[in-house]
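J.: If you scroll down you'll find the structure; I have some questions about it.
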Amino acid sequence: MGIKFAHLADVHLGYEQFNRSQRAEEFAKAFEDAIKICVDEKVDFIVIAGDLFNSSRPSPGTIKTAVKILQIPRDNNIPVFAIEGNHDRTQRGPSILHLLEDLGLLYVLGVRDEKVENEYLTSEKTKAGWLVKGMYKDVEIHGMKYMSAAWFEGNIELFKSMFRPEGDAILVLHQGVREITENNYPNYSSELSLSDLPKGYLYYALGHIHKRFELTYDDAPVVYPGSLERWDFGDYSLKLTWNGFQFKEEVGVDKGFYIVEDFKPRFIRINARDFIDVHIKGHSENEIKKAVKLAVPKIPRNSYVRFNIRWKRPVDVDWIKSIVNAEYVRVNPIIIKEERGPDGKDLDVKKFFTELEWKIIELASEKEYEYYLNQIIDLLASEEGKVEAKIDAKREEKKFVRPKNPGDIMAWVKG
């Protein structure tokens, strides 16, 4: 009889997107819907590849929600294996996931100070500490929490030596793979290359990228299921781009997770809030209004919509909001300045900035930029040699130079 499991990631419980509690409820409902499908599908176990929570310090209400939902698989004898992502990990010591483990709701994979042995977990001594691995019949589930690019740069051989499967095994990580992010999602950070992944696994269950993606490495699936709900307007269900005459329509990716049977993934779509991203660059007020009116019939009543209006003058934000019948409407008026160089020709300001810098400038210049702070932080974090990574690297270097004892080496990796 074959193996059947579910692969979820980036649940982000507690995320009050745009400061709206409604969105936190919808993120929770998406998780509950996914878990109930897992039960109906009679999966053997569930893998959560990082960021179950949107914060390492979730509110009591968010913890209560997680407990309620995770009781569903427990009551159906379905073990849940999870790792910490960049949002819900701690620098050192136990995380909120370990509390859920103590409650018998899930099993945390990764490096720890102490050996763990129970029905679904086993431990292996490594140079980093005790590598706690999941077990289900003859299949092992390996994984570790999110680590910075600086950590991988200094410890790639250690990483590969830790993960050497001897039989059927799954590797669970919450990282950006460079070949995937650079070619498909340049706004996401990457910490390692595809070739850095240890070989020999039958399935690579990844998290961190919020749009689903599949490829093959070493004859095995490498899969990002994406987030269960739409994370921002870049993760749109529909993008409308005005070309001066009509809108070009671009359909986004569905949201959901994977059911994996005999290590072959099958995508399961779940209902998610529609996000409509409208881009209009106009040459007159009449053209702007014409484009907005043509966009209105394409916008579902229950959707979240963002209008990006580029024009040389301010636009009537209230007028746009008054004619758009949607659950949530944002208008980002972006004034196009006519910059000219010394020769009198139009000056392309963008050429003085990298793609990443320009993206941050655009986000920070928006009227309601505070809603984009998380995205701006994520973009800044993706910069090579980021401040936090340098601090982490210095900490690691100190630990390797003067460890108090062998068990203290890389102590902050341990959960």
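A Cβ is built for glycine as well, from the same backbone N, Cα and C atoms used for every other residue.
Annotation comment: Swiss-Prot describes HIS87 as active site, proton donor. Marked as Mn(2+) 1 binding site by Swiss-Prot: ASP10, HIS12, ASP51, HIS210. Annotation source Swiss-Prot lists Mn(2+) 2 binding site at ASP51, ASN86, HIS174, HIS208, citing sequence analysis.
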J.: In whole Å, note down how far the CA of ASN86 (Mn(2+) 2 binding site) lies from the CA of ASP51 (Mn(2+) 1 binding site).
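T.: About 7 Å separates the two Cα atoms.
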J.: Report the same-chain neighbours of HIS210 (Mn(2+) 1 binding site): residues 6+ apart in sequence with Cβ closer than 8 Å to its Cβ, ordered by sequence.
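T.: Long-range Cβ contacts: ASP10, GLY226, SER227, TRP231, ASP235.
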J.: CA-CA, which of the recorded positions HIS87, HIS174, HIS208 lies nearest HIS12 (Mn(2+) 1 binding site)?
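T.: Nearest listed residue in space: HIS87.
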J.: Most Cβ neighbours within 10 Å: which of the binding-site residues HIS12, HIS174 is it?
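T.: Compared across HIS12, HIS174, the most Cβ atoms within 10 Å surround HIS174.
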J.: So if I draw a 10 Å sphere around the Cβ of the residue listed as 'active site, proton donor', how many other Cβ atoms end up inside it?
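T.: For the residue listed as 'active site, proton donor', the 10 Å Cβ neighbour count is 23.
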J.: Given a separation of at least six residues and a C-beta threshold under 8 Å, show me what packs close to HIS208 (Mn(2+) 2 binding site) in the same chain.
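T.: The answer is ALA9, ASP10, ALA49, GLY50, ASP51, GLY85, ASN86, TYR146, HIS174, GLN175, GLY176, TYR188, TYR224.
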J.: Let's check the environment of ASP10 (Mn(2+) 1 binding site): how many other CB atoms sit within 10 Å of its CB?
T.: 28
J.: Taking 10 A as the limit, how many CB atoms besides its own sit near the CB of ASN86 (Mn(2+) 2 binding site)?
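T.: There are 21 such Cβ atoms around ASN86 (Mn(2+) 2 binding site).
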